[in-house]
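Feature list (source: TrEMBL):
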- 33-55: transmembrane segment (TRANSMEM)
- 37-502: domain 'Major facilitator superfamily (MFS) profile' (DOMAIN)
- 75-95: transmembrane segment (TRANSMEM)
- 102-120: transmembrane segment (TRANSMEM)
- 126-148: transmembrane segment (TRANSMEM)
- 160-180: transmembrane segment (TRANSMEM)
- 192-210: transmembrane segment (TRANSMEM)
- 220-281: region 'Disordered' (REGION)
- 220-232: compositional bias 'Basic and acidic residues' (COMPBIAS)
- 268-277: compositional bias 'Polar residues' (COMPBIAS)
- 321-341: transmembrane segment (TRANSMEM)
- 361-379: transmembrane segment (TRANSMEM)
- 386-405: transmembrane segment (TRANSMEM)
- 411-434: transmembrane segment (TRANSMEM)
- 446-466: transmembrane segment (TRANSMEM)
- 478-496: transmembrane segment (TRANSMEM)
Amino acid sequence: MYASREDIGYDFGDDSKVGSKPIKPNPNIDGGWAWMIVFSSFLVHILIMGSQMALGILNMEWLEEFNQSRGLTAWVSSLSMGITLIVGPFIGLFISMCGCRMTAVIGGILNALGWILSAYASNVHYLFLTFGVTAGIGSGMVYLPAVVMVGQYFQKRRALAQGLSTTGTGFGAFLMTALLKYLCTEFGWRNAMFIQGAISLNLCVCGALMRPLSPKDLSEKSVVRSDSEDNQAKAPSHSTETIKSNGALGEEPEEKEEATNDKVLESIQHTEPGGNSRSRRNMHGLRILKTLSQLTLTVRKGFALWYSSYFGAASLFTNRVFVAFIIWALFAYSSFVIPFIHLPEIVKQYNLSSQDNVFPLTSIIAIVHIFGKVILGIISDLPCISTWNVFLMANFTLVICILTLPLMQTYVGLAVVCALIGFSSGYFSLMPVVTEDLVGTKHLANAYGIIICANGISALFGPPFAGWIYDITQKYDFSFYIAGLLYMVGIIFLLIQPCIQKKQPRQKSTEEAQV
């Protein structure tokens, strides 16, 4: 989601000088501590994404406690899910200034604070602020570094590493559903949220494991990538020269200012002994000014990197297929989130609670979701199979499941549909591949961040919309029908735009021939 320096093509060294010397590869890249980063990201997915997929348990408790409409109550869960993804591009600013480790630790504290404060909620609106906003922002501050660090530590095995870390979502949904159900039954939902807040403090430990790579290691990794991709070797150096000539990310002003400050400090230290007290005061003031100047330069440099990473990709929106992909993302994720939020109450309405307590339907989705990611990824890697076709077929299957779910009123029927939902939603592992096919490797990080942000908007409005439809019709059937139809509209956009895109070059060639 966040574009690291090597992902957006920045190179802060001289390739000619580095390439002339033998480079000793860092053992922590694609091995060593890199697997601890995968383990940390795996735990982050369990604690954040897994717990969010289990919020249907708490949603039922909030409905009984506060006696508010389903549409209003669903905003609590959707705010937490949506904000986690929507703030991704903006959390990149903190990563540019503070690094992944510090950002993740602060996010872990903020997430735990949101859970703990929510235990004292007196109304739903209180939960909007504590759980929806506070815990949501904290989740985003941990989730984004977890994704970025895996990308930084892996070069050859990046797809495998990202796949292993994201399977934590399925494991987390299964574990957190059982945990929250047990805690709510034994201790009540307030104490359950308090305990979950204490568990969420482990996110700080996950953040502490995100040991940053040194600039030397990052430069070596960039050289390895440039050697493996000869066709793109000239692009990073060109972008580097452009950036340094513009003075946006150049480090020369900072070095000059630091050198000037150091000279002034040295001159004051060599003053006469009679002016010791005065020189000490001057040195103290200069140290404060030096700290402030360094902080200002860090903020400016971080903001410039963040701005160029996301807002420098305006050319992406001239790609009609990518715009259609964004429209698809605005409708797709809500169809996956709505069952997790409202299925527990649907089960209760159908008097299937006894069977659901043995094996929750949301846990079925979570477990099969893990296998769906792996199997769809293996199928799409086959040389005779198109990743785009696998992606579309999985989407069609998910739409059919969403439309047929209201027709199932037995536990076995619901379980079969939920298993298909879990398997077909495994297309999430194909999204980076499809995005790269649409925009290319150069714009992959920025484009994927935009897609994830669109998914966050979908998660933000999907569950409240389903609850609002229930408040009007007193049935969840129309919620799934409307969500499925909107999802189908997004898929139609994906089918139409490639055909238009193929026709355009032919039209241009005929016009050039006429000229």
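For all residues, glycine too, the Cβ spot is worked out from N, Cα and C.
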At a C-beta cut-off of under 8 Å, are there same-chain residues at least 6 beyond the transmembrane segment (478-496) that contact it? List them, or none.
321, 324-325, 327-332, 334-335, 338, 342, 392, 395-396, 398-399, 402-403, 405-406, 462, 465-467, 469-470
Do the transmembrane segment (75-95) and the transmembrane segment (361-379) share at least 3 Cβ pairs under 8 Å, sequence separation 6 or more?
no
Below 8 Å between Cβ atoms, which of the listed ranges 102-120, 160-180, 386-405 makes the most pairs with the transmembrane segment (361-379)?
160-180
Apart from its near flanks, which chain residues at least 6 from the ends of the transmembrane segment (386-405) lie with a Cβ under 8 angstroms of it?
328, 332, 335-336, 338-339, 372, 376, 379-380, 414, 417-418, 420-421, 423-427, 430-431, 433-434, 437, 480-481, 483-485, 487-488, 491, 494-495
Which stretch from 160-180, 192-210, 446-466 shares the most C-beta pairs under 8 Å with the transmembrane segment (102-120)?
192-210
So which of 160-180, 192-210, 446-466 has the most C-beta pairs under 8 Å when paired with the transmembrane segment (33-55)?
160-180
